[in-house]
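Scroll down for the structure; my scribbles are underneath it.
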Amino acid sequence: MSFDIAKYPTLALVDSTQELRLLPKESLPKLCDELRRYLLDSVSRSSGHFASGLGTVELTVALHYVYNTPFDQLIWDVGHQAYPHKILTGRRDKIGTIRQKGGLHPFPWRGESEYDVLSVGHSSTSISAGIGIAVAAEKEGKNRRTVCVIGDGAITAGMAFEAMNHAGDIRPDMLVVLNDNEMSISENVGALNNHLAQLLSGKLYSSLREGGKKVFSGVPPIKELLKRTEEHIKGMVVPGTLFEELGFNYIGPVDGHDVLGLITTLKNMRDLKGPQFLHIMTKKGRGYEPAEKDPITFHAVPKFDPSSGCLPKSSGGLPSYSKIFGDWLCETAAKDNKLMAITPAMREGSGMVEFSRKFPDRYFDVAIAEQHAVTFAAGLAIGGYKPIVAIYSTFLQRAYDQVLHDVAIQKLPVLFAIDRAGIVGADGQTHQGAFDLSYLRCIPEMVIMTPSDENECRQMLYTGYHYNDGPSAVRYPRGNAVGVELTPLEKLPIGKGIVKRRGEKLAILNFGTLMPEAAKVAESLNATLVDMRFVKPLDETLILEMAASHEALVTVEENAIMGGAGSGVNEVLMAHRKPVPVLNIGLPDFFIPQGTQEEMRAELGLDAAGMEAKIKAWLA
């Protein structure tokens, strides 16, 4: 994919931050306009995260203009907003390959560029890493500066506040920029407030402030009076008391779309000592009206026609597994007012929009707080309610201790609806749902189910919801279901699989939604095919029966082979001294990069052709 760079004459001059800093300051507003148009042109033709990057154009330009990157270290939280950063740091001509197999990584990635200081993808990690980087820079002694950019969603997570609390204690020289992209510019953002921000960040104010501290340090009453006076003056127009209490020097809020004003403020703050906090207000989707009006829809986009202002509509084919879950959730809630549903800021992705509208008093979006989500669910269960935690596989990792300590040990009936299990596609290493079976399987009192289709998914959700002896989990993938008929809901017998096809010599034990591919292989090789359904408890009787009646077994799962469902089958056979050969097919022992689900399954040998080739090579 190529772009006519001549349409962007100022941007054409910039393929590195060194070239950016050669531009006269007066040309930067024009650069921002071109950068925003280039981003629209590229993402609309390739797909990707969109609205966040439109909102950080001026901030990105200002940061790279003021700071000597990559010597000075710039850290982006999550990374959805970092497309302009990639464009300005030598990757302009490759931006059309982002999120594609072999293309640019969807997030800042250390292995891709020296400008990407921290590999990211999950939220709220930037300040913690930034403190460590700032401390290391201080010990290095080369006056290397550290800047972290974090959004108003990510900063709500406990990890961010833990980090800020630590920064206030050890006081490293660093800047945290809060990118506050609420739907409208705060009423505090205007000429007066921008002027105040520049004044408060200026050297004169800072010198007077520090000098006053020294002069009156021996006169506590006067020192305390001056401190209170400063707090009252700032408090009238500055909403930063919390950050000041955490030990930061707070500046803002300022207009995040005034690139020249940002440069002035950043230059003032660059040489200040201790932890600094700059609060900027931006508009998500800035410069593209449809994205400004609906930033959630335009957060991540497929290929689309910018002139239409609309994203392509779904073809109306098979429902996604997320929708299957959402429909089941609404159906069950209508019958049981004890049902409570919890999501850590994933309402749309988890299929909970309709539920949130129909049952607002039983819907809880706890924000980016996975640990709290799980323990909150534990509390609801203790109170006699039936909590369901809808969460992506990759984000459940962040609440592992809570699953163990707050739910499983207490045998609380919490249902985990684990979306995005297995290969997720374009978001790459940080988002693959590769490990949930491995990290949940070792937890006592846990029931773990792997549906092979949408009907089985519904039955398993129903089974888990009515299981009262401890926690349960149902894991299902990103993408569409397979089109089977939905039957009336009924509880499945816990820990029991079913034989789908009888064959000879070889038995394939399938866990989950790779079943259609496994069925093709079983037909081709005349193998027995088993839908195992439960990873925990395993159907040991069925496993031993298959071992006794077949020459070899193959396990299939879209999870890491190490510690996964296949490992559980191996353990059963070894415990019963059954030396039958077993081939475990699943995700290999490396982090799976980006690519479509189809591309990655084919590359990893998890489609029918790949599985059959692996089995034949193993049997040869």
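Each residue, glycine too, has its Cβ placed from N, Cα and C.
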According to Swiss-Prot, which candidate in Glu19, Glu354, Glu370 joins His80, Gly121, His122, Ser123, Gly153, Ala154, Asn181, Tyr288 at the thiamine diphosphate site: Glu370
Binding-site residues listed as His80, His122, least Cβ neighbours within 10 Å: His122
Least surrounded among the binding-site residues, given as Asp152, Glu370, when other CB atoms within 10 Å are counted: Asp152
Minimum Cα separation from Asp152 (Mg(2+) binding site), reported as the residue among binding-site residues His80, His122, Asn181 that achieves it: Asn181
